[in-house]
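According to Swiss-Prot:
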type: BINDING; residues: SER34, GLU53, ARG61, MET80, ARG81, GLU451, MET460, GLN461, GLY462, ALA463; note: FAD binding site
type: BINDING; residues: ARG81, TYR369; note: substrate binding site
Amino acid sequence: MNSLMNDDMVKIIRNGLSASQHPKHILVIGAGLSGLVSASLLKNAGHRVTILEASGRAGGRVCTLRSPFSDDLYFNAGPMRIPNNHSLTLEYIKKFKLPTNVFINRTPMDIIYANGIKTRLQVFERAPGILRYPVAPNEQGKTSEELMLSLLQPILNFINQNPARNWRIVEEQYKNHSLSSFLNTYFSYGAIDMIGVLLDMEAYMGMSLVEVLRESIFFSSPAHFYEITGGMDLLPHAFLPQLKTNILYHQKMMKMSQGENRVTIHCQHQQTAEFTSFTADLAIVTIPFSTLRFVKVEPYHSFSYYKRRAIRELNYISATKIGIEFKSRFWEKAGQHGGKSITDLPIRFSYYPSRNIGANGHAVILASYTWADEALIWDSLSEGERIQYTLLNLSEIYGDIVWSEFVSGTSFSWSQYPYSAGGFTAFEPGQELELYPYIPVPEGRVHFAGEHASLTHAWMQGAIESGIRVAYEVNRLP
């Protein structure tokens, strides 16, 4: 595999790939961000591309909901923030001249409501005992973040000394550790509970420690975050002027057949139920492995044992978001300007608008953001019940004003969405070494991209990075 450095990828975004000496017809499965990136680069390099998309829109998990909200209001059901070190995402935003604003990820006034006690982040940071977690004597007086970093920072410092070499050492050393098994070695149950609740790590307890280390590089450094003003879906939409004639919507891949010189994708139209076959020189599969499991691959041995195992075992985390529109920004009167509230109630994390702080009129908050098992409990409820329970939880923080100010709401569960069958990839212990090496590797005439085919899971950066990598790979073929 040709390894591209980050700077190489930035240059490819700016200047494109070299013009192909051997133009091909390429089928791209999925019009998510990685599919759009690879198709855009390959089309510009002289290839003929056809994008087959099962849903009725482009963007995949980059999804912004504008209904049922009032004019110009929306919430991002998928990605909602961009760390300032995600250079590939920011480079595409610059290329398309998309407007951005700062995403306020946390403030000292963030409300914490846990163990029946309501306080502010700045108060908790001065006196962590205020929340009455039953921590051990040697853990008293330390915040959840301080406890977590006391363990992770030495490992992160070691990685940063020589990332190319030291990541491998860390992967090998901690390959069998989940976050939970690692924390259990050092901390009391009370401290682990506090870390899980306040740092949103409960969902990651069963995940690979190495996965958490990759994530913590973003959150331990005081990263700034941005959002695309007007909705994150403006990024995938920016590819459409170039690619709209290349996308066929409602075409769901049911079967894939490889020959010596060609690959055929058999699709069923999601509205008419009609079957159509598309044949080309190569295919790039960008859909999640959770959905690829349902696709018949012929001949059977055209995919290696290791690829099939990765498709079967790769772990996906559920994610559910609930957005609520209110008549006014009553949370700002309570001192919450952007940032988030954290609670051990079912809603868990609420994020408040970073834009137009102090403005009058309606606004939408991301009233609940949950992952993994915490998202699954919401999946058991109807849309109406989700909104009802969200308002009940918010009223425990803000009082009855939430009922009088309520306008409308909507929710989105990525596990219940048939074209993703989960929110994002998160390795279980061992998967980084056992499965990942086989995920991005081509199988005959079939190549692979998507956030799961990168090591930057759950971020647009991972999808973009894999889209560039696969386009570069395909463009170099004879």
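Heads up, the Cβ atoms here are built off N, Cα and C, so glycines get one too.
For SER34 (FAD binding site), the same-chain residues 6+ apart in sequence whose C-beta sits under 8 angstroms from its C-beta are THR286, ALA449, GLY450, GLU451, ALA453, ALA463, ILE464, SER466, GLY467, VAL470. The two recorded residues, TYR369 (substrate binding site) and GLY462 (FAD binding site), have Cα atoms 21 Å apart. The local packing around TYR369 (substrate binding site), expressed as other Cβ atoms within 10 Å of its Cβ over all shown chains, amounts to 20. The highest number of surrounding Cβ atoms within 10 Å, among the binding-site residues ARG61, ARG81, is found at ARG61. Long-range Cβ proximity for GLY462 (FAD binding site), meaning a same-chain Cβ under 8 A and a gap of 6 or more residues, is found for GLU451, SER454, LEU455, THR456.
Same-chain residues at least 6 positions away in sequence with a Cβ under 8 Å from that of MET460 (FAD binding site) are, in sequence order, LEU33, VAL62, PRO79, ILE82, HIS86, THR89, MET232, LEU235. In the three-state DSSP scheme, TYR369 (substrate binding site) falls into the strand class. Max Cα-Cα distance over the annotated FAD binders (SER34, GLU53, ARG61, MET80, ARG81, GLU451, MET460, GLN461, GLY462, ALA463) is 25 Å.
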